[in-house]
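Asker: Here TrEMBL flags 9-157 as domain 'Glycosyltransferase family 28 N-terminal'. What TrEMBL lists as UDP-N-acetyl-alpha-D-glucosamine binding site is 15, 16, 17, 183, 318. The annotation domain 'Glycosyl transferase family 28 C-terminal' is assigned in TrEMBL to 209-375.
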Ligand SMILES: CC(=O)N[C@H]1[C@@H](OP(=O)(O)OP(=O)(O)OC[C@H]2O[C@@H](n3ccc(=O)[nH]c3=O)[C@H](O)[C@@H]2O)O[C@H](CO)[C@@H](O)[C@@H]1O
């Protein structure tokens with residue numbers, strides 16, 4: 001390696017939506033620096049119970065934790081001052097003190113925060129230590145943590161232009177639209193590999209394949225809807241159903257009565273791990289929640305989708321994502337009361353008419369930003385260089 005290494009602290013996590021964009025940024029930065037003969041020294045600050053703890057362990061990324069305070073949302077303002085919230089908020093100063101010592105000790109060129117409660121103390125510590133802070137927001141509406149950090153950020157990196165008017169004036173001047181980074185491997189899956197690795201030999205490749213996903217935890221609502229229309233669905237499609245690790249046993253019981261040929265066209269799984277890119281490559285139609293990470297993947301790839309938003313997502317952000325794509329003809333959104341009948345109605349044209357799903361897939365692709373990771377890395381490098 002020729003010159004000094006680049007030093008990055010990355011913070012964020014809890015769910016996949018905050019963790020995977022950060023991971024993608026780390027990997028992309030590493031590759032960019034390697035091409036210039038430089039090394040990346042990275043430290044990820046997260047929570048022990050978040051997905052980021054597992055992801056960093058499997059990726060070999062150095063990881064440390066700080067105390068965090070989690071605010072439990074409630075529509076009743078009085079419940080915001082619940083004993084649990086008060087206790088957790090009391091942990092914030094401790095977290096900031098710990099984060100300050102982590103940042104001062106590591107001396108990063110830049111701190112990247114991608115949201116989740118842990119991003120708050122680390123972002124504030126960056127500001128206190130006068131280290132440039134880049135905050136990345138995945139969703140159109142600002143998450144709670146990022147709203148708190150917007151004023152402290154050197155640059156706000158956004159996934160959508162639609163977020164700009166929602167920012168405070170001072171943060172708007174520092175904002176740049178990068179898109180939401182998608183793991184590169186998600187874009188290079190192979191359909192045949194999914195068949196081999198997952199043993200989908202009973203799938204009828206003349207029929208379209210549906211990938212059902214409820215996000216990392218699975219969705220009871222989507223599971224029930226799909227279970228109710230499964231006998232019909234399996235007459236006209238193959239189905240890969242990701243139902244959430246905790247739900248797999250109960251659902252398996254409910255689907256044992258399928259006739260053998262139909263059972264061969266159905267794969268039930270709690271979680272899709274490293275096979276995810278190949279599963280997405282095989283899928284002609286996706287039934288999904290509309291979290292920002294999933295939306296970024298479906299649009300980067302160009303997939304026809306029926307979206308069933310999580311009603312209780314922050315600021316109703318999933319419904320917003322789904323409506324935005326539906327207006328563009330890039331998905332069907334089943335907001336409000338999705339029923340087995342409305343799901344079946346949404347799927348029918350997509351399953352029976354290949355041209356209809358190709359048209360929807362093409363419109364979805366127009367919303368994709370496959371270059372988001374590169375643009376975010378440009379921001380990290382520019383901010384660090386400016387610091388000099
Ligand atoms: C309940 C909640 O608060 N959800 C929020 C959370 O979404 P959450 O993290 O639950 O969902 P996202 O859609 O953003 O991301 C899920 C990620 O996990 C991956 N995956 C999922 C299932 C699986 O079996 N294998 C797998 O790899 C998906 O491909 C995707 O990359 O953060 C998002 C980004 O801030 C928000 O938009 C969501 O509203």
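A Cβ is built for glycine as well, from the same backbone N, Cα and C atoms used for every other residue.
Note that this is a predicted model, so its numbers are computed, not measured.
For the listed features, I'd like the structural context: burial, neighbours, distances.
Answerer: Confidence annotation: the domain 'Glycosyltransferase family 28 N-terminal' (9-157) carries a mean pLDDT of 89 in the model.
Long-range C-beta contacts of residue 15 (UDP-N-acetyl-alpha-D-glucosamine binding site), restricted to its own chain and to partners at least six residues apart, with a cutoff below 8 Å, comprise 50, 51, 116, 215, 216, 291.
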Asker: Among the binding-site residues 16, 183, 318, name every one whose Cβ is found under 6 angstroms from ligand 1, counting any of its atoms.
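Answerer: List returned for ligand 1: 16, 318.
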Asker: Near residue 17 (UDP-N-acetyl-alpha-D-glucosamine binding site), which residues of its chain come within a Cβ-Cβ distance under 8 Å, counting only those 6 or more away in sequence?
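Answerer: Once residues fewer than 6 apart are set aside, residue 17 (UDP-N-acetyl-alpha-D-glucosamine binding site) is near 115, 138, 139, 291, 292, 293.
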Asker: For a quick check of packing: other C-beta atoms within 10 Å of the C-beta of residue 318 (UDP-N-acetyl-alpha-D-glucosamine binding site), how many?
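Answerer: Taking every protein chain into account, the count is 26.
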Asker: List every residue in the same chain as residue 183 (UDP-N-acetyl-alpha-D-glucosamine binding site), at least 6 positions away in sequence, whose Cβ is under 8 Å from its Cβ.
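Answerer: Spatial neighbours, sequence-distant, of residue 183 (UDP-N-acetyl-alpha-D-glucosamine binding site): 20, 23, 24, 27, 277.
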